[in-house]
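Below: the structure, in structure tokens.
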Amino acid sequence: MQTALSIALDAFAYGMALFIICIGLSLTMGLMRLVNLAHGAFAMIGGYIASYAARDLGLGYGYGFGIALAVAGTVLIAVPLERLLFRRIYDRSALSQVLMTIGITFCVIGITNYVFGPTLKTIPLPADLARPIDLGFRSIAGHRLFVIASGLAVAGGLWFLIERTGFGIKLRAAVENAPMSRALGVRTELIYAASFALAVALAAFGGAVGAEFLPIEPYYALRYMVTFLVVVSVGGAGSIPGALAACLLLGAIDVTGRYLMPDFGNFFFYLAVILVVCAFPRGLMGRAP
Amino acid sequence: MAQASAPMAAATPARDLGRDLAGLALILAAGLAGYWLFPDNLSFLTRLISVALLVLSLDLIVGYCGIASLGQAALYGAGAYAAGIACLNGVTEPFLLILIGAAAGAVTGLLMGTVMLRAHGLPQLVLSIAIVQLLHEAANKAAWLTGGSDGLAGMVPAPLFGLFEFDLWGRAAYLFGLGLLVAVFVALKLLVRSPFGMVCRGLKEDPLRVSALGISAFPVLLRMFVISGAVAGMGGALGAISTQVVGLDSVSFELSANALVMLVLGGLGNLYGALIGTVVFMAVEHVVAAIDPFHWMTLVGALLIAIVLFAPRGLSGTLDEAARILARRPRRAGP
Amino acid sequence: MNPAAASPVFAVAHLSKSFGGLKVNHDVSIAMAPGERLALIGPNGAGKTTFVNLVTGRIRPSAGTVRLGDEDITRLGAVARVRRGLVRTFQVTRLFPDMTPEEHVVMAILQRQGRATRILARFHGAGAAADEAADILATLGLTEVARRKVVEIAYGQQRLLEIAIAMAQRPKVLLLDEPAAGVPSTDTPLIERALERLPASLAVLMIEHDMDLVFRFARRVTVLAAGELIFQGLPADVARDDRVREAYLGSYAHAGR
């Protein structure tokens, strides 16, 4: 019973970390119709900046500052990339998008390794988050609780932004019919750039707070590329509840598999993916094409 | 290729035959040139042929049917492991090993096609990845059969035709591989020109039109998966015979992704493109990756970005384009 | 009243389709005899596209049946219907851009003969099929462009190619979905001539906006409005029908009288 509970809590926290990273990708793929395999590369850049800020700058500003810097820095790197590269493939075929974003990923990995070296980077946790916190029935590492809370906040905030604000309406309009939206005075390029920046910011945030689960190293961008893509596709691109369900389901399967049958590796994870995609070819809560 | 400038003369059988024979002669000449020019690198060149078969098989799926796959190494690895296991268990005749690889690849292709054809678009791509990853984990776990993370080693195939040993210099292996490549290439040229091949092209261009002709897509595509599996399986078996090891890397996402990069580099839907892409990619990798594997990654990444932006039809498509522009100016009569 | 009632080659009966609460097609019944030339017309939003999708098997009806000859094909998929002889053309051309007209027609002929997906055969130079394709293309005046890529030929010729493919399929029932749509008016006579040459025994259902074409081609007209059939009869009578006038002209229908 105790094991089951700790597996469940671990799986929940891991699923939420996945969610924070993947939801940005789900939005770019579902709403902007862009298959961005470089999403993990942005999460990795966020992790590197957070680690660099928290460890090497040594300013003592701590964890929160590191994360804020990670988000801002990654967006700053992503904006010129959007203008130069991504903007040219919004209306190209999925294969072109896959190829270019794999290319960007490879470049980021090569450059990161050149600058930071191949070693693992950690992001030191502040004392408050490193301590276990007593929940009454169980104690849980403070950091995991923080990840869970962040995940819930991201889910709620995004839902509000897309369903309840003017920006959300313009975004959905731009996706449905770009020429019509432009005729109505919606600046679609700006909307696309802003949602791209939002997706990147979420990736960087997730990369930094999720580093306990997905350790930061140069191959990060490629190692987890498949995981992120799989999660989004299982959930159904563009659906926030779908992404949440997929992250929790696949996180649970992954963590349970590792606990109970560690030498099977990711076997059950991928088996589950095949079964789910075959049963729900459009994702758990996918929008009709 | 020349249809645009000389539409009425396109696709006459005699012209096709002439071009095919010239292409085959070119492949053979390049293969034999490699044999004489790089006698110390024959094992690398044999590996190149083995991967070329993988990329050709991927071209059948991606280039001719329009189905994106990042899991083609599942079929290649199935062939490699089947041939490796057979060889360790006393089946050492090289031609038989190639056939075993082809059969294993075909069966895996049947399964992979059955699963992948249930979905479309992105979920389909994800299924291809999940399948290769699943097989990778299975091969890792089933150590009693596959040697796990150590892989299989110590295969000793019987001499070719009972005469030529698969020795350290790899001359027999290379010429064997070159012969296999040419045979497969001829077969695939006939395949893509068959009614079946034309229907596959049709499915890539407009599946709705194909169904309005009364043709069901699923059995056609599934057959292409089986054929593609057989070709990839032969590539895997050739790799197993020539290197005499089979590792987990033969059934990996990385190899699948590299195969797709090579195909796109060379040009989709064009069997020559698959060969050109493989040769260029692996030759440059051989040189640059020896210096620093991360520089190689950066280079491949930049190359991919450049292809998407500037040469979406790949090297062979770009060559076609160049040839067309050159041919237009002097306005020469066709052969 | 209905000449096809005796032994129809094609009949839909009480066909209905609702999306949510919206009745897009309601209780539509049509029967066609061999050799019939029937036009289905109706204002925009009348449910013509849904009707085509129901008949061709792209969507399932909420109620009603579709029969081809003696067989109930309501439950069959789109491909199976084509194989039984119910062939369509597309409102917006659906062709293979990189293939030639000859290749399109040969593929249709090979499929009719059950040879379209053979592996151990040659597509080009397939003797009899190539000759037949040449004949069909000649009938439609497409010989000149037979070996050009479809992307390189004029739109009117692409429309003719749609008809050529359908002829190669030798259907029992042919559904022409706006065969003149998008064709410059100078080229409509070409389409008309092609339609005149369709085999006499073939039942043709044409969905069309161009009333001149309808009047010249059809011997019977049926009008769909707001998902329901409101008129079936002779072309000469259609313009005099009150319900048709109302459907097209709204409340102004009676003002002009």
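Any Cβ shown, glycine's included, is placed from N, Cα and C.
As given in TrEMBL:
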| type | residues | note |
| --- | --- | --- |
| TRANSMEM | A:6-27 | transmembrane segment |
| TRANSMEM | A:34-54 | transmembrane segment |
| TRANSMEM | A:60-81 | transmembrane segment |
| TRANSMEM | A:93-116 | transmembrane segment |
| TRANSMEM | A:145-162 | transmembrane segment |
| TRANSMEM | A:190-214 | transmembrane segment |
| TRANSMEM | A:226-252 | transmembrane segment |
| TRANSMEM | A:264-284 | transmembrane segment |
Requested in this report: State, in range form, which of A:145-162, A:190-214, A:226-252 has the highest count of Cβ pairs under 8 Å to the transmembrane segment (A:34-54).
Outcome: A:190-214
Query - Range from A:6-27, A:93-116, A:190-214 with the greatest count of C-beta pairs under 8 A to the transmembrane segment (A:145-162) - result: A:6-27
Query raised in the report: Under 8 Å, at least 3 Cβ pairs, sequence separation 6 or more: does that hold for the transmembrane segment (A:190-214) versus the transmembrane segment (A:264-284)?
Result: no
Query raised in the report: By Cβ distance under 8 Å, which residues at least 6 away from the ends of the transmembrane segment (A:93-116) in the same chain are close to it?
Result: 34-41, 44-45, 48, 81, 85, 218-219, 221-222, 225
